[in-house]
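Trainee: So TrEMBL has the following annotated:
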DOMAIN    A:22-559  domain 'Cytochrome oxidase subunit I profile'
TRANSMEM  A:40-63  transmembrane segment
TRANSMEM  A:83-109  transmembrane segment
TRANSMEM  A:129-148  transmembrane segment
TRANSMEM  A:168-192  transmembrane segment
TRANSMEM  A:213-241  transmembrane segment
TRANSMEM  A:283-299  transmembrane segment
TRANSMEM  A:311-333  transmembrane segment
TRANSMEM  A:339-363  transmembrane segment
TRANSMEM  A:375-398  transmembrane segment
TRANSMEM  A:410-433  transmembrane segment
TRANSMEM  A:453-475  transmembrane segment
TRANSMEM  A:495-518  transmembrane segment
Amino acid sequence: MVDTPIGAAGPFPGSEPDEAELYHPHSWLTRYVFSQDAKVIAIQYSGTALAIGFVALILSWLIRLQLGFPGLFSFIGPAEYYQIITMHGMIMVVYLLTAVFLGGFGNYLIPLMIGARDMVFPYVNMLSYWIYLLAVLVLVASFFAPGGPTGAGWTLYPPQAILSGTPGQGWGIVLMLASLILFIIGFTMGGVNYVVTVLQARAPGMTLMRMPLTIWGIFTATVLALLAFPALFVGAVMMLLDRLLGTSFFMPMIIEAGQRLHYGGGTPILFQHLFWFFGHPEVYIVALPAFGIVSDLISTHARKNIFGYRMMVWAIIAIGALSFVVWAHHMYVSGMNPYFGFFFATTTLIIAVPTAIKVYNWVLTLWRGDIHLTVPMLFAIAFIVTFLNGGLTGLFLGNVVVDVPLSDTLFVVAHFHMVMGVAPILVIFGGIYHWYPKVTGRMLDERLGRLHFWVTFLGAYLIFFPMHYLGLLGVPRRYFEITGLGFIPASAASLNAFISVVALVVGAAQVVFVVNLIRSLWHGVPAGGNPWHATTLEWQTPDTPPRHGNWGARLPVVYRWPYDYSVPGAAEDFVPQNQPSHTAGVAP
Amino acid sequence: MSLVLLYLAGLGAVSGRWLARQHLAAKPWLSAGPSLTLPPDGGTELAAKLALGIFLAVVGLLFALLVAAYGMRVPPGSTGIPLDPRLLWLTTGFLGLASLLLHRAGRAARRGAEDEAHATLLAAVAASLVFLGGQGLAWRLIWEAEAGRTADAAGSFFVLITLLHGLHLAGGLAALARIAVGAAWTGSPARLARSIGLCTLYWDALLVIWLVAFGILFRTPWSGLIDVLCRPPA
């Protein structure tokens, strides 16, 4: 490797706010509440998302209590059940996963990993969080509104979403739609900021092909989100007008309880197209940051350069592009031209190719690595296994002939929970265990972390693996109570009860995680600046936790890619990105 | 959805062209040193332009989705919207005028003629307000004629599209007001010119979006082209 002279690159450009232009907080309120520092905003995003995520976790307990022990809990009636599954799904997909990966990890890691002082537009970034918080509050308000939250299912399909037979038809659906609209406005502010920051504010020497895969994942996912959320926005606004102004975008002519409603001519399928045009890229909006983070965790904790970096980058871009031409595989049972079904089945199978490349490259990175089974590494490996499992069942469901009989069964629930629920949440945990020392300056407790990992990982498999078999038996999803279906054996009820007990245990295990987060703030082992001996820039800050502005007087200069682990001849088994070859003992 | 896919393909082509220049085939593990390939010093102005460009791409997609939804929802033989299109030709004229005035204000600011820039800016604001007022009047006429709730939904789409377009323009007006006040406060012609440049781009984009929306909602010389792009084949 050869160092090129620094002078060739100076004076260093970049449009990140420089030290003089950064808004420095002057009070506790502007430092910790209305902060414009991306790191504080990241913690605000993550805290809010995890808090609302715990609400969704409790809702999942209620779902399992009803499915495992039907009739035992009188406070869960059919209406409440549908409200619970709707809120659980929407909160988990949009308000937890999207917010944590992009708002949380994105805000914390983008400026630090690319060597910027902050996001390019810090004020807009702050607004983005507060609008997100407002969206969450509006959503939560629906729990307390007359009639309760909507029970339309997380896909909010019309016409039933706004008809009187659906729980929450009054305030619930209106608040849900308003909350989604706010969320999208807030996200767009943040998303534009992330993209511009990555494109314009990278440190000297940080070319695109020297960016860590975490940044590639977050960056591409942000682009996807900017292009996918408008479809949900349009759908939500149109449904809101149908509900409030009596338009008929989605509402066909309907006779309800003998009365003809004023609706007519609407197309429910149009909503499905809009929803899934958002909905499928949403899978990758969550998955791509997870892919990136896992790549970095594996490389760091296996002390080995990532295998096939270029392929990993190209695969991220290819997956992002392909994710916009597979949406209708969610609509096979809605009916479509058979040629369209063939087209969408084919594109669905094609997207498995770049995804498989990533899985192979993770495994090959682990191959003969110096694997340290730290807690972040455990979560990263667990992700690979889980994502592979969920992805393979996705290949089944991508085919029309398999999807049609399985579509309304628990097989689909098991599939999407493995691939989009458990897998990304394992990465969120892994990422938190990995970067918590940088955020707080202290390590999370290792024993509590391992306990948390094993209960969560094994528990998730005990919940969702048997659920595939229930689905194959034909156990339907969305049903409040499974009775009178003679083809389902009695053992299915026992299995459902078992799954519910495990779900309670796994949910309770998350308390261990929260206790660890809080306890380690004061009692964690001091971490130092770079406890994992990692190469990427966030570990090279002059202060831990990094101060506002991140880099002190001078921005870092990047000399190398982010995966120089175990370089032959180097003084240590890692060479930070900002270290010139001659000081690292690497032969020029 | 073919219009949307076409739009995304266009964005993909632009992104692909850009990515092709980013040395994605480089082998970063073989080269060390600060081989900087960032754009030349553009500072905040470049970032703001880029941010606006990305935002407009998102806004464009939003309206492409609406036009595609119109194509899927409104039957080809729709009776149309019970509104005299001359009102909308008039409002369209005012939006076009606002756009032209912003171009002129930008040129004046770049020459350092601040007073002229301010006066032209105010005229652009006034023309935009007239446009919004005209759209509001059309909105009200449609609503009073109950055309927003007909089964063929053409009136509903008019209400929806003009509402969202008007909200975007109102947001632009807020930004324009902030710029005018900010420029008066700081007295920096260069900064004023930069800010007006961004607003001009935004107004031009909203004008194009409105022309497309107008073309699908009413019969215009360019309606045939839009029909081809957004109507599913019979």
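Every residue, even glycine, has its Cβ placed from backbone N, Cα and C.
TrEMBL does not curate its annotations; it predicts them automatically.
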Trainee: Give the nonlocal contacts of the transmembrane segment (A:453-475) in its own chain as ranges (CB under 8 Å, at least six residues past its ends).
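Mentor: Distant contacts of the transmembrane segment (A:453-475): 375, 378-379, 382, 386, 393, 406, 409-415, 417-418, 422, 426, 429, 482, 485, 487-489, 492, 495-496, 498-499, 502-503, 505-506, 509-510, 512.
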Trainee: Can the transmembrane segment (A:83-109) be said to touch the transmembrane segment (A:375-398) if we require at least 3 CB pairs below 8 Å and skip pairs under 6 apart in sequence?
Mentor: no
Trainee: Taking a Cβ cut-off under 8 Å, which residues six or more beyond the ends of the transmembrane segment (A:213-241) line up next to it in the same chain?
Mentor: 98, 101-102, 105-106, 109-110, 113-114, 156, 158, 161-162, 173-174, 177-178, 180-181, 184, 187-188, 191-192, 194-195, 198, 247, 249-250, 271, 274-275, 277-279, 281-282, 284-293, 295-296, 306, 309, 312-313, 316-317, 319-320, 323-324, 536, 562
Trainee: Do any residues, 6 or more residues outside the transmembrane segment (A:410-433), come within under 8 Å Cβ-to-Cβ of it, and if so which ones?
Mentor: 92-93, 97, 100-101, 105, 283, 286-287, 289-290, 293-294, 297, 374-380, 382-383, 386-387, 389-391, 393-394, 396-397, 444, 449, 452-453, 456-457, 460, 463-465, 467-468, 470-472, 475-477, 513, 517
Trainee: Please work out whether the transmembrane segment (A:375-398) lies in contact with the transmembrane segment (A:283-299), by counting C-beta pairs under 8 angstroms that are 6 or more apart in sequence and asking whether there are at least 3.
Mentor: yes
Trainee: Who are the chain neighbours of the transmembrane segment (A:129-148) in space, where the CB to CB distance is under 8 Å and they lie at least 6 residues beyond its ends?
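Mentor: For the transmembrane segment (A:129-148), the far contacts come to 34, 41, 44-45, 48, 52, 55, 79-80, 83, 87, 90-91, 95, 99, 103, 167-172, 175-176, 178-180, 182-183, 185-187, 189-190.
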